[in-house]
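Since the structure comes first, as structure tokens, the remarks are kept for the end.
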Amino acid sequence: MKDKYYLFFIPFFCINPFGTISLMLLITLLYPVNEEYNLKIFLFLLALFMGLIQSTRTIQMWQPSDWVAYMPFFLEAGNMPFLQYMQSDYKEPCFRLINYVGYYIFNGNFLLFATLLVVIMYVSVYMAIYKFWKANFQDVRLLITAVVLFTFMTENLAMINNILRQQFATGLMTYVIAQKVVDNKMNWWLAGFACLTHTFMFFFIPILFIKPLYRIIRLKSVLQIMVVILLFGVFLRFVPFVTNILSFSDTLSYGFERLGRMETERNTGYMIGNSVTYINLIFFLFVTLKLNYWNKQTNKNLLFFTNFQLFLSIACVLLSFAPMLQTRLYSTRNFIFPFILPLLFYKNPFIHRFYSAAVILFFYARFFFTFDSIGYGMFFPPIKQIITGSILSFL
């Protein structure tokens, strides 16, 4: 049991999840011992904690969230036989499948079903971060910084409570990306499931096979990437024609029909401004220069993620004529942050120690200070209840 002492935190987690997670985080930072079992216990309890928070969500049909469309479709599973439900033209087939199965597992409780999806998303991202970290580093602080950055970025929880389906699928795809980059192994089953849960995930498949992204990127490669993105933009103009050709397949035609709508759909409460994408591009140009050129990076794993983030930033600027697609691309950057931002000063141990502490403290404190603003305060109870509650108060 010497290397499994984090198991003793589980009873305390039941008494007060927030306090236990905070204590485990502090101990892990003060005594950063690379013990796989204990680290995975911490990551699992952290994902469970986020799931408990999610379980307090209230759902009203007037709330500004895609959840108001998800829930009625979920409840329809109780009124339809399986084959009829799966033949519905609503969303992708894997999303229909997990809804149907989830309805009977959770006895029609949509919130419990959604909470499970949230936990799976966090676990998928944590395992992706862990795989990337274990293959490239030994410093436990890097792992914890990456996990805290993703978990306690308030924007992530806000997006989950709007576009849950995309966030869930992106979490699965994040693990696919990490597995491909680190192990050079493509998990087609998981990739296919993610793509058939949300069509947008198809966008990431070809990116994983762009070889220039795995090495120091030169001006020529940047120009080539820009040409590819612009050609994709031209392709969007022909999507309605392609949709008609693929009318024999409900799944394919639905996917391309959604892709076409991303060019024209506008939701002023959800869209990002072009100025934000320009600032984002400038920032990640600096990050790419710092990590790849200043640090003289040669590790293909690190090179891919910095180049990938730069690719997304360029795409967000060039695809401004397709606002919904631009916004969906922009939202995925939060899943790539943990693979990049903790590494800015990792080659300078002295600066890195303070930088990691600053990132952890900032996002941890910011999450709890801004929590009550998520969904304009309509989604969750006050943060005081989250901090002081036992596990029973979440059930």
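Just so you know, glycine gets a Cβ as well, placed from its N, Cα and C.
Copied from TrEMBL, the annotated features are:
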- 7-31: transmembrane segment (TRANSMEM)
- 37-55: transmembrane segment (TRANSMEM)
- 106-130: transmembrane segment (TRANSMEM)
- 142-164: transmembrane segment (TRANSMEM)
- 188-210: transmembrane segment (TRANSMEM)
- 222-248: transmembrane segment (TRANSMEM)
- 268-289: transmembrane segment (TRANSMEM)
- 301-322: transmembrane segment (TRANSMEM)
- 353-371: transmembrane segment (TRANSMEM)
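Sequence-distant contacts of the transmembrane segment (301-322) (same chain, at least 6 residues past either end, Cβ-Cβ under 8 Å): 132, 135-136, 177, 181-182, 207, 210, 212-217, 222, 225-226, 229-230, 232-233, 236, 262-264, 272, 274, 277-278, 280-281, 284-285, 287-288, 291-292, 329-330, 332-333, 336-337, 339-340, 343.
When Cβ-Cβ distances under 8 Å to the transmembrane segment (7-31) are tallied for each of 188-210, 268-289, 353-371, the top count falls to 353-371.
If one looks beyond the transmembrane segment (353-371) by at least 6 residues along the same chain, the residues whose Cβ comes under 8 Å of a Cβ in the stretch are 25, 29, 141-142, 144-145, 148-149, 151-154, 157, 341-342, 344-345, 380, 383, 386-387. Sequence-remote contacts of a segment are chain residues at least 6 beyond its ends whose Cβ falls under 8 Å from one of its Cβ atoms, and for the transmembrane segment (268-289) they are 64, 162, 217, 306-307, 309-310, 313-314, 316-317, 320, 323-324, 326-327, 330, 333, 340-341, 344.
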